[in-house]
Amino acid sequence: MTDTLFERSDIDALLAGRHPDPFACLGPHGQTGQVVVRAVLPGAKSVHALSPEGAELGTLACVDRAGCFAGTIPRNGGAPHYLLAIDWPDARQVIDDAYAFGTLLDDAVLARFSAGDPAAVLDCLGATPARIDDTDGVRFAVWAPNAQRVSVVGDFNGWDGRRHPMRLRRPSGVWELFVPGIGAGECYKYELRAADGRVLPHKSDPCARATEAPPRTASVVADVAALDAFAWHDEGWMHARPRADRYRVPWSIYEVHAESWQRVPEEMNRSATWDELAERLIPYVQGMGFTHVEFMPIAEYPFGGSWGYQPVAQFAPSARFGPVDGFARFVDRAHAAGIGVLVDWVPAHFPDDPHGLAQFDGTALYEHADPREGLHPDWHTCVFNVGRTEVGAFLAASALAWARRYHVDGIRVDAVASMLYRDYSRAEGEWVPNVHGGRENLESVAFLRMLNDTLHGAAAPAGVVTVAEESTAWPGVTAPTGDGGLGFDFKWNMGWMHDTLAYVREDPVHRRYHHDRMTFGLVYAFSERFVLPLSHDEVVHGKGSLVAKMPGDAWQRLATLRAYFGFMWAHPGKKLLFMGSEFAQWAEFAHDATPHWDLLDAPAHRGVQRLVRDLNRTYAAEPALHALDCHAAGFSWLIGDDRDNSVFAFARRDEAGHLVVAICNFTPVPRASYRVGLPAPGQWRELMNTDAAPYGGTNAGNDGAVWAEAVPAHGEAWSALLRLPPLATLWLRPA
């Protein structure tokens with residue numbers, strides 16, 4: 001009898017975790033006048049079928065001591081609704097049968113996924129609490145086209161891959177299963193058997209919306225409905241965002257490593273939670289006059305020393321900072337304070353942690369199979385195969401999810417240069433040319449265009465900004481995709497950063513020989529739309545902090561940094577400054593330590609902080625300093641060739657004719673009567689002086705104002721004699 005209820009071949013295949021189609025034998029299967037019910041429940045003592053009201057419908061006999069059960073129940077017309085009453089050694093469990101449910105995902109959404117629609121990834125993959133046929137549970141779906149078998153495992157089944165093998169939906173390669181009786185908060189992973197028969201290490205869900213806190217590695221079922229129904233209060237912000245001309249408004253970005261911005265030393269040096277960061281970071285950013293906060297990657301990452309740049313869960317805010325809805329609360333409060341939120345996002349590569357994406361289904365699924373394409377030589381990580389339709393859709397869906405679910409205002413795309421060149425950091429013979437024999441990565445170009453079109457299109461909330469960290473001269477990074485560009489809104493100006501930092505590192509007596517480093521950036525300043533980045537990358541790995549790069553004694557170093565900040569904030573391009581630099585921290589960035597806030601007890605460091613605050617406020621208040629950041633009409637040199645005195649002067653303007661003139665003296669020698677051409681006659685007010693006493697300077701200057709007289713100089717009809725403070729920048733504005 002039992003042989004007819006449960007075929008031996010099915011029993012053996014299920015217990016070995018090799019059955020190609022568990023739904024073909026498990027669950028209810030009709031026979032004349034009755035229904036055969038089969039279940040695999042290793043460790044169960046007995047199993048009974050009950051009606052929803054609790055009446056016994058039949059007993060499932062143990063047909064194999066390893067945990068296979070089968071029995072019959074009455075048909076009673078249509079397909080019966082039954083429950084399984086499972087007697088475990090220590091308790092009875094009454095649940096719906098996972099194998100009594102039909103297919104879950106619509107064929108159309110699976111077709112969209114296979115065609116590369118990022119929105120389809122959000123619609124079908126991951127773990128989603130659901131109610132199906134009046135039964136609550138979780139719908140699991142994962143892409144693993146080359147696996148022989150996929151099971152979902154978790155606390156709910158003792159992490160036993162025999163309990164919940166999934167259904168393969170051909171031809172999409174997506175596996176699905178509805179597990180009744182569980183919900184948000186459950187830990188889970190996937191157990192996969194590769195095509196060659198290997199059982200792989202348990203894998204986290206690539207599309208998990210939540211995770212355990214490291215070093216634990218399980219995915220966590222998120223309350224998706226609650227996240228989607230989050231009570232946002234930023235309607236005004238979201239409505240106004242696309243209506244602001246992002247290129248004409250001030251951008252001053254405070255770059256933050258969320259894990260270390262303000263640790264809690266009395267609690268084992270833990271990171272602050274999102275709610276704690278909202279209480280402390282948002283008022284700080286607002287008070288300092290920054291317009292945006294940019295987080296180094298916050299998608300879950302196993303290794304803290306990667307600073308987030310080796311993520312394993314592209315859709316999940318790291319559990320280091322508390323529940324995922326805490327990040328939504330942070331963004332909501334930031335918007336209420338008038339602060340935009342950007343996140344660093346990593347589509348170039350991923351770590352090879354065994355629970356992650358590497359060899360996900362036993363094959364190079366997310367990465368390239370050829371190590372000349374699939375292994376990154378600098379970071380020893382796996383390179384995403386963005387040319388594969390489903391992988392490109394997966395990544396773009398991640399960016400889309402941050403914009404949709406968490407209202408982030410933009411993403412900064414990491415390591416774009418490494419994606420664009422097939423020979424990036426590779427020697428001859430270690431890379432594969434493209435189809436035309438060249439070094440350009442055509443698949444990455446297509447992916448980046450698709451990404452930007454997605455985030456700038458109807459699928460995303462209006463007004464999302466994309467920023468490229470691209471360190472080469474690749475043309476058209478910020479040009480529209482329709483014109484052959486990559487479609488980014490802004491690009492980090494790495495050349496400007498390298499050149500100008502190299503200049504200020506020089507002893508003042510030698511700066512005359514490196515004068516062009518400060519002026520060369522204007523040759524190409526308007527070829528792209530730029531952000532001027534003084535980022536975390538410049539204050540790690542032995543490079544020294546910004547102030548530590550400067551030569552001279554402590555006073556000269558601080559003065560040079562102040563002068564450099566004055567030059568930067570007046571220079572065309574949006575601004576970015578890494579945490580700790582705003583008060584001239586001496587130490588390099590350390591991910592396991594907090595910035596040295598105690599330095600603010602010293603007047604000199606408070607002065608630098610006050611300067612950055614005032615630079616931000618003045619930059620935002622003066623349209624001349626930001627409205628034409630991306631247009632050559634907004635800039636003109638007044639003095640660009642006085643290398644002997646290491647003096648620079650230039651004018652910034654907007655379309656309405658507002659003017660600001662910046663004059664920089666990068667020597668410790670005060671200039672008592674230095675003539676500077678000015679674009680307008682009359683009184684010019686001293687708008688900014690980085691040598692002012694409140695900033696820690698000597699208070700040398702021009703008593704608040706100068707008069708432009710009809711003496712031609714530097715191509716202008718008017719000029720003024722100025723006192724230039726040592727190692728300082730002045731800003732002047734017509735009174």
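Each Cβ is built from the backbone N, Cα and C atoms, and glycine gets one as well.
Quick look at what Swiss-Prot annotates:
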type	residues	note
ACT_SITE	Asp414	active site, nucleophile
ACT_SITE	Glu469	active site, proton donor
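Asp414 (active site, nucleophile) counts 19 other C-beta atoms within 10 Å of its own C-beta, drawing on all protein chains shown.
Listed in sequence order, the residues of the same chain lying 6 or more apart from Glu469 (active site, proton donor) and placing their CB within less than 8 Å of its CB are Arg412, Val413, Asp414, Ala415, Val416, Ala417, Trp492, Met494, Pro533. Asp414 (active site, nucleophile) falls outside any helix or strand according to DSSP and counts as coil.
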